[in-house]
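For reference, the structure is listed below as structure tokens.
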Amino acid sequence: MTPRKKLKGLVAATITPMTPDGKINLPVIRQYVDYLVNEQNVKNVFVNGTTGEGLSLSIQERKQLAEEWMCQGKDKLDHVIIHVGALNLPECQELARHAAAIGAGGIAVIAPFFFKPTNKDELVAFLQKVASEAPEVPFYYYHIPSLTGVKIRVEELLDGIKAQIPTFQGVKFSDTDLLDLAQCIHKNETEEFEFLYGVDEQLLSALAVGANGAVGSTYNYLGRQTNLMLQAFAKPDFALAQQYQFLIGEFLNFVIKLGFGVAQTKAVMTSVSGIPMGPPRLPLVAASSEFIIKAKAKLDSIVWPNGD
């Protein structure tokens, strides 16, 4: 068996393209893959997560999207990670089995967030039941306490987790608690696990404490610039890396003040890439034309280092 290529660098949290009447728009995913690879130099994707409105999609829609990303990404993408989290265990398990059947490079799961696990043991028991349905597929925990309300520290979660989940590969760490992240990395002396940071505006800070890479929505349309930041950090040219992070942050700070979420991300991606991402699914509502105009003007006004 060919050794698995380590997942590192940028991972685009994929948007789910939709038609104007709200159906998933599978035909544009081929163009989407080519855009990520050729224009943004991003060759890893995280499908059906928060940015992809995964929890707003039906199980059948999620399967169709996973299949299409696997099909169109074959020989073009390095890793296709499928998020299989749901509010109930049977659906998570069904999606995990499906991801394994189509050859996904990994699966990820958020903590259920209506009836929540209240401690590490309850969370690990849930994750283990999902991971066991895909026993050959690398497993990632998707830590996003701002949305799930499950604030169990990842440092605590990792203690002994390999014994209970042999396929455990790492964490999509979408939290601003850099102390927790740093402690996880500090204790990962054998580099057994991968830590992928999920707060785009703080990526440079996460790299400084040892994150392997990042999963985020902005890498759909700012992947090229963020890759240049990663290259600068690796040189190391910290001043240049800072410049990129500050400019990315300047854009995000601007749009966050306008009101920035999944719907607005879809609008920005449509504007930048020319690929029609369509509206979000209710209860989210489409970005206003005023937002689109202001966000585009702000992005166009940014002068990247070295005239990029």
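Just so you know, glycine gets a Cβ as well, placed from its N, Cα and C.
Note that the structure is a prediction, hence the values are computed from the model and not measured.
Here TrEMBL flags T51, V215 as pyruvate binding site. Within 10 Å of the C-beta of T51 (pyruvate binding site) we count 25 further C-beta atoms, all protein chains included.
Annotation for Y142 (active site, proton donor/acceptor): same-chain Cβ neighbours under 8 Å, separated by at least 6 residues, are G49, H83, G85, A108, V109, I110, V171, K172, S174. Summarising the annotation, TrEMBL assigns active site, proton donor/acceptor to Y142.
K172 (active site, schiff-base intermediate with substrate): 28 other CB atoms within 10 A of its CB, across all protein chains. Positions annotated as active site, schiff-base intermediate with substrate by TrEMBL: K172.
In the shown protein chains, 28 other C-beta atoms lie within 10 A of the C-beta of V215 (pyruvate binding site).
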